[in-house]
Amino acid sequence: MIGNIQQINFITLLGSATQSTLKIRVEPIKTQKEQKIPENPIEKRINRIYRKPQNRKVDDVVKVKANPILDNSSKNQNGIVKRKPVGNGKEKAAVEVSKIGNFSKEPTKYSAKWLSYGGRLPLILQALENGDDLDEALKPWVDSLNNKERSIILKEQTSWERAFEIFKWFKRKGCYELNVIHYNIMLRVLGKAQKWSLVESLWNEMVMRRIAPTNSTYGTLIDVYSKGGLTEKGLLWLEKMKKQGIEPDEVTMGIVVQTYKKAREFEKAEQFFKDWSSGKMVISGRKTTAARKSSFSQSNTCFSSYTFNTLIDTYGKAGNLQEASETFGRMLKEGIVPNTVTFNTMIHICGNNGHLGEVASLMQKMEQLRCPPDTRTYNILISLHTRHDDIYAAMSYFMQMKNVGLVPDPVSYRTLLYAFSIRQMVVESETLVSEMDALGLKIDEYTQSALTRMYIDAGMVERSWSWFERFHLKEEMSLECYSANIDAYGERGYVLEAEKAFICCKERKKLSVFEYNVMIKAYGIGKKYDKACELFDDMEKNGVLPDKCSYNSLVQILSGADLPYAARVYLRKMQQVGLVSDCVPYCAVISSFVKAGQLDLAEDILKEMVRFGVQPDVVVFGVLINAFADVGSVKKASEYVDAMRNAGLPGNQVIYNSLIKLYTKVGYLEEAKEMYDLLQSSESGPEAFSSNCMIDLYSERAMVTQAEKIFEDMKLRGDANEFSYVMMLCMYRKIGRLDEAIGIAQRMREMKLLTDLLSFNNVISLYASDGRLKEAVETFREMVNSSIQPDDYTFRSLGVVLVKCGVSKDAVSKLEIVRRNDSLSGLHAWVSTLCSIISIDDTRKSCSKAGLVDEFDPFAGNIMRYEVGQCCT
């Protein structure tokens, strides 16, 4: 296969840091005398003592079928030919075993493996299997066991106790040489069993017997310790190895890299490999130095496919796509043919980095190299495309997997089924479930609860209940699964169904605190506060102690429901049982009392909290500071600011905004400026509210330059809003800079920032006072079209317009009397008068559309004829 590959095309991979496209040029695979996929060095190391013969059929070895030409007398009662064994020694041993009857007629999985060793080993292993007494079992061979046989005997034991017993028997006999290989085997056996004291005693024994450890010894120790969850201790063996002047070989290097990778210390894994692969890891005396003059890409060292796969996976998990890509490219360049594991890793890395185009290229490369995808390949592709919301591509890969003759495994179904469920693809989900049922595949609990949520979200509550009952009636649900189903109903407000699921769980199993917690949460979402309290009180009656989550949940529910007194009761119970470890539940109750306007009770809760040794955090202080800022209590707010500072807690935006609001309300400019400066130096900067407060303070004091600076900063940030513009308009009008005020008003109209009654009133008043009567009425028209109800201030400004047009104040007063007696008729009178006085056709048309004037109002006309001889424009 490999010999037919002449050229590997370019493959494009993207770098993770720069996002630039890397073109990895792959040279033709080097022609070798014998091209083959390199062995896994771990497997090579395990099997390097004795390589087992391949493709041996046990039945051919154990039994020799009867030849029909032979006379029946030549067969025994079991149909085995009674003839002198011929062939190699292994076949002879097999026949011997069958003769003495130590093996059953159908060889076990152990005997099949043992037979492959040949010689007398099958007999020895069978004897050890059948007898507990080692002296008796090994008696026939006690004086002749060689090193190879002793190694295999130790390695083939299924329990660490038996292996250790045999090892001690070898030592006790005193006639056997125990070399480093035997110790390595026992170190692995005991390490896998996590018998660390025995591992260390065996190491000390090696030192005492002056049995020099090898690369394999250290690799074994690093491996078993790291897999046993003792990564740091495992890596201490690496340091010992270096101090003894032993440089790690490729196998040990791979183990170390894997150890770092599992500990998610990817930088250390990468650095260790670079130090090792540079060929400059110099060990002199008892000091190790690494001169990294050449990088991995420049090293001439040749590595196995296992090493390349390990490195690619390490770089991928570290998020270093650039290095992973370069490693893959070098692998191809050196003629190491990638296997399915390699491609799976690269596909996974590229997909996780969002490079689905590269995933497609890798699939094509697999086809070119005749490296067929396996089930894991397709599972990765399905997972990647579902995560990138391409559900149809995921479905396509699922079908491809089946079309090429691969059987989807539970992971395939579970991944696709979950993707269907969160998209409410009910039909597709049910089709997959039917396939799984037909194949006898068990639906896991995570998938079960996901489909329950799917049916609920799709509005198929009855179907969801049928789905739940399918598993409940079969008694296939754990407590965790019941909790997930209760939560699924509760989170979506289906309290009745959540209750039913809770009762089902109660009937089947002894409830735990988790089921109570999710049910309490469901009652909270459904606003069934009494039931939540009843269920909580019922917990102890059923032998279940509420935990911290139970109390926190109930306190939060009651506080959020504006029931601070009830929340306080459970908060105190929580404190009594010693489950309060932070100020979160206290903060909830304090906030609830603040919301109810009970500031004195909120302060009492704070004092109670401090008395119990729970220190308030910045959120608690912020709630109280904001509460007193709202009621204008500078003294109280300042006290809590000082208390917060004394506690060494920095302020935050919420607190600074509250204080600015308070200082604006009471007119404390300097204090407000201090808070605003703190906001400006913060990472996110001031909010529009705080900036508007400062503009308001500066406007009141006619501090134009300061107000303009904040206003310009707001415009640059895009924070300037309607209120900002109105305050600037009022400031300019106040100091007599009407041109600037008119400019602000015009920009507000152009930007459609007139949406509030206050804004309309200020603009209309500005136009009226400046004699811009047409603009004033146009703005009033915009106000009417926006369905903003005018108030007394509006009509005062419009009265100024009429007076300036020659209408007497008496006539304007009569219009006001009509409006106050009947607001709708009065509004019609005002609109008709304005439309008649101001010659604006658009105004009349607009007001007609608004239903305020259909034709000239007779009352308004009489006023005008009586008061005005001619219209002014």
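Using the three backbone atoms N, Cα and C, a Cβ is placed for every residue, glycine included.
Record features, source TrEMBL:
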type	residues	note
REPEAT	179-213	repeat 'PPR'
REPEAT	214-248	repeat 'PPR'
REPEAT	304-338	repeat 'PPR'
REPEAT	339-373	repeat 'PPR'
REPEAT	374-408	repeat 'PPR'
REPEAT	512-546	repeat 'PPR'
REPEAT	582-616	repeat 'PPR'
REPEAT	617-651	repeat 'PPR'
REPEAT	652-686	repeat 'PPR'
REPEAT	721-755	repeat 'PPR'
REPEAT	756-790	repeat 'PPR'
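A Cβ distance under 8 Å defines the sequence-distant neighbours of the repeat 'PPR' (512-546), meaning residues of its chain 6+ beyond its ends; these are 479-480, 482-483, 486-487, 489-491, 493, 495, 498-499, 502, 505-506, 553-554, 556-558, 560-561, 563, 566, 570, 577. Secondary structure counts, DSSP: the repeat 'PPR' (721-755) has 26 helix, 0 strand, 9 coil.
When the repeat 'PPR' (304-338) is classified with DSSP, helix, strand and coil residues number 26 helix, 0 strand, 9 coil. Confidence for the repeat 'PPR' (756-790), expressed as mean pLDDT, is 90.
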